[in-house]
Amino acid sequence: MSETLTPSAGAANNVVGRVTQVRGPVVDVQFEGDLPFILNALHVQNGDHTLVLEVAQEIGERQVRCIAMDTTDGLVRGTEVRDTGKQIMVPVGPATLGRILNVVGEPIDERGPISSELRFPIHRPAPSFEEQAAASEILVTGIKVVDLLCPYLKGGKIGLFGGAGVGKTVIIQELINNIAKAHGGVSVFAGVGERTREGNDLYFEMQDAGVIKIAEDGSTEGSKVALVYGQMNEPPGARSRVALTGLSLAEYFRDEEGQDVLFFVDNIFRFTQAGSEVSALLGRIPSAVGYQPTLATEMGALQERITSTKKGSITSVQAVYVPADDLTDPAPAATFAHLDATTVLNRSIAEMGIYPAVDPLDSTSRSLDPKIVGEEHYQVARQVQQTLQTYKGLQDIIAILGMDELSEDDKKIVGRARRIQRFLSQPFHVAEVFTGAPGKLVSLEDTIRSFKAVVAGEYDHLPEGAFYMVGDIDEAIAKAEKMKQEA
């Protein structure tokens, strides 16, 4: 590809400017000659490290306004700035596997430089219509509620929506555990504006799981995941670009090696939030709820690159923070339009102690179609949702009049729905250290078989507690037996 450059190609040209103003992460630079292009990377020496600036605006004939990719502490007016003549270029390829990179592609895992001659720009065009390929193969996650009610597609875009503390990151980590370990290809994880502690935990968990392999000599050969971090403490410039850096890494494996890539993003809302901060600093007039006026454009530019082509695929799982649990907020609303499957986490379900706290009636998937999942799966999923919806409709009557006022049929439906609700819970491998309960991975066949029997009323005689935090129906039966003996 013409844009795959070696470090020596397109070396820094001689266009030199000087810093005229520093306002937090926004830096104004004056040039005497030609101005650098928009999105060009500029280098400025700040103490003992090179600070990367990205050109965002031209202000007047001689000045450009830039966004800093790292802290500007210590930067003074008059400092010399060099135009690199190209965008921010990041190393790509097998050498990035097992490593942690920052937004500009520098290693931050203290394991020495990345020995890759291949580099990609972080801003790249989306694949054309001719290059794209439709996906219709189901990606089995081993999580019952997901596989049954909002199944994921290989090569699809998946969103995990939820407010603060309802379990988005835990589900992402469980998906990495269940899918990435069994996945033949490579994975890329972009940590966008989230907690540094979580990034640290994930790195060591991946080593324990064997997805990242570090030899005694420090080599990471045999690793299957690359990590790109721009965490909460980073300036908004880094947080608004780190998802693009991760995506460039994933695109290399898709386009150049023809691989099926898993791309995890935690959290896509922070990408929007950082864009909002940058927009305000650049003096743009804000739009609804204070977000940037270019919200839909920026989201589209990112999401349209995440797609399957005839060469390979990118399956993306994106956590989406929902401010104040309001799904109509412009940031989550802008993300909805791009997704193939949405898994919505509900605080009221989490408060009942049912984890994963997935809302079975709010979560949707384009692939819950008899042509894709098959007639049996489709019918079982719809019957489960119908039972839960009927129960939801009866809850007001139960709250006012009590269970005794219901008809016998309604009482059966309520009992069945409560069993289904509890059966949708599942112990996770990544939560094992906190709960002490071993994680369960349930096959799609077992999930369909189990729910088909429960929704048909075959297990109405078992106590509700037997369905809580188990794998398939056989475990629920065994738990019921144990409860009977202990009673």
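Yeah, the Cβs are placed from backbone N, Cα and C, and that goes for glycine too.
DSSP assigns Gly162 (ATP binding site) to a strand segment in the three-state reduction. For Gly162 (ATP binding site), the count of additional Cβ atoms within 10 Å of its Cβ stands at 27 [all protein chains shown]. What Swiss-Prot records for Gly162, Gly163, Ala164, Gly165, Val166, Gly167, Lys168, Thr169 is ATP binding site.
Most Cβ neighbours within 10 Å among the binding-site residues Gly163, Gly165, Gly167: this distinction goes to Gly167. Neighbour counts of Cβ atoms within 10 Å were taken for the binding-site residues Ala164, Val166; the minimum is at Ala164. Classification of Gly167 (ATP binding site) by DSSP places it in coil, neither helical nor stranded. Sequence-distant neighbours of Lys168 (ATP binding site) (same chain, 6+ residues apart, CB-CB distance under 8 A): Leu160, Phe161, Gly162, Asp266, Asn267, Ala319, Val320, Tyr321, Leu345.
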